[in-house]
Amino acid sequence: MSSSSSSTYATSSLVIGYALCSSLLAVINKFAITYFNYPALLTSLQYLTSTLGVYLLGKLGLLHHDAFTWDTAKKFLPAAVVFYLAIFTNTNLLRHANVDTFIVFRSLTPLLVAIADTVFRSQPRPSKLTFCSLLVILAGAVGYVANDSAFTLTAYSWALAYLVTITTEMVYIKHMVSSLELNTWGFVLYNNLLSLMIAPIFWFLTGEYTDVFTAVNANGGSLFEPVAFFAVALSCVFGFLISFFGFAARQAISATAFTVTGVVNKFLTVVINVLIWDKHASPVGLVCLLVTICGGIGYQQSVTVAKKPSDGVSQVMNDGEKVDEESVELIPGKVATNV
């Protein structure tokens with residue numbers, strides 16, 4: 001096999017791996033929280049898996065991450081707290097609502113981030129194309145909520161909490177990226193390790209520890225049923241794998257191709273969610289969801305076009321490179337874009 005054929009095969013494998021991980025992750029997390037109804041403990045296990053994964057792969061020389069220091073940890077701690085809250089509300093949203101509702105509210109974040117960037121970070125106002133795209137996102141989201149037959153106050157309270165925290169996290173992490181000298185895997189390590197340290201506080205604040213102890217006593221000292229164990233293990237593994245494939249895919253393909261892959265992943269998530277179970281929106285709700293995603297496509301394209309002249313966007317994220325502040329999005333085990 002020629003070197004060009006090997007390179008093409010490797011690139012295709014990375015893109016397919018990233019697409020599968022990204023499109024399946026929300027569904028897998030919904031699967032996990034359905035059978036393992038302990039959101040704080042579930043996210044802690046995901047943080048633990050990602051932290052150990054980065055540390056062990058670093059020891060094996062398969063990736064490079066910044067060394068953990070308490071001075072840097074103190075500076076990073078506020079970002080880690082906001083990150084933890086975003087993931088915690090995300091998990092509780094999936095606990096009480098379907099994956100489609102999660103995607104709709106997740107897709108609303110560019111609108112709030114654009115407003116927050118303009119108001120708090122003195123960034124330029126969005127272009128006309130960007131503004132129109134954001135309006136399409138908003139229209140799709142409003143249509144979805146209006147036609148959501150599964151609407152509950154609890155689910156939408158978590159959805160609003162998630163929207164606020166993820167927007168805060170995305171705006172604040174841009175500031176952290178520009179002020180801390182960390183590479184991509186360094187951010188993953190600090191984010192997940194500090195979140196793991198924060199987790200016990202939320203176990204007690206939410207009272208979840210009593211539910212866990214009650215379940216352990218009721219099941220003869222075991223917390224995991226076979227299906228629950230499989231679901232949790234799958235969510236932890238996929239949470240870390242998306243880091244690897246996300247970074248590797250960004251390195252192997254252009255930023256535009258990576259963006260297109262991210263958009264396709266959203267459509268795949270919707271299709272997979274509809275096919276595997278009945279926990280999805282009505283036909284009208286699905287149409288509104290697709291409108292929201294299409295608005296996201298327009299937004300991503302408008303941002304890409306706006307940034308091309310200045311060549312300000314990094315097209316790769318090598319292990320030793322600094323993270324571009326405009327391309328950061330964090331989920332357990334991950335720093336990547338357009339997921």
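Counting starts with 1 at the first residue shown.
Yeah, the Cβs are placed from backbone N, Cα and C, and that goes for glycine too.
Feature annotations, courtesy of TrEMBL:
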type	residues	note
DOMAIN	20-299	domain 'Sugar phosphate transporter'
TRANSMEM	12-33	transmembrane segment
TRANSMEM	45-64	transmembrane segment
TRANSMEM	76-95	transmembrane segment
TRANSMEM	129-147	transmembrane segment
TRANSMEM	153-173	transmembrane segment
TRANSMEM	185-206	transmembrane segment
TRANSMEM	226-248	transmembrane segment
TRANSMEM	255-276	transmembrane segment
TRANSMEM	282-299	transmembrane segment
Interface-richest range of 153-173, 185-206, 226-248, 282-299 toward the transmembrane segment (76-95), CB pairs under 8 Å: 153-173
Cβ-based contact of the transmembrane segment (129-147) with the transmembrane segment (12-33), 3 or more pairs under 8 Å: no
Result, the transmembrane segment (12-33) in contact with the transmembrane segment (45-64) (3+ CB pairs under 8 Å): no
Sequence-remote partners of the transmembrane segment (12-33) [C-beta within less than 8 Å, at least six residues beyond its ends]: 39, 42, 91, 94-95, 98-99, 102-103, 228, 231-232, 234-235, 238-239, 241-242, 245-246, 248-249, 252-253, 257, 261-262, 264-266, 268-269, 272-273, 276, 279, 331, 339
Mean of the pLDDT scores, which run from 0 to 100, over the domain 'Sugar phosphate transporter' (20-299): 82
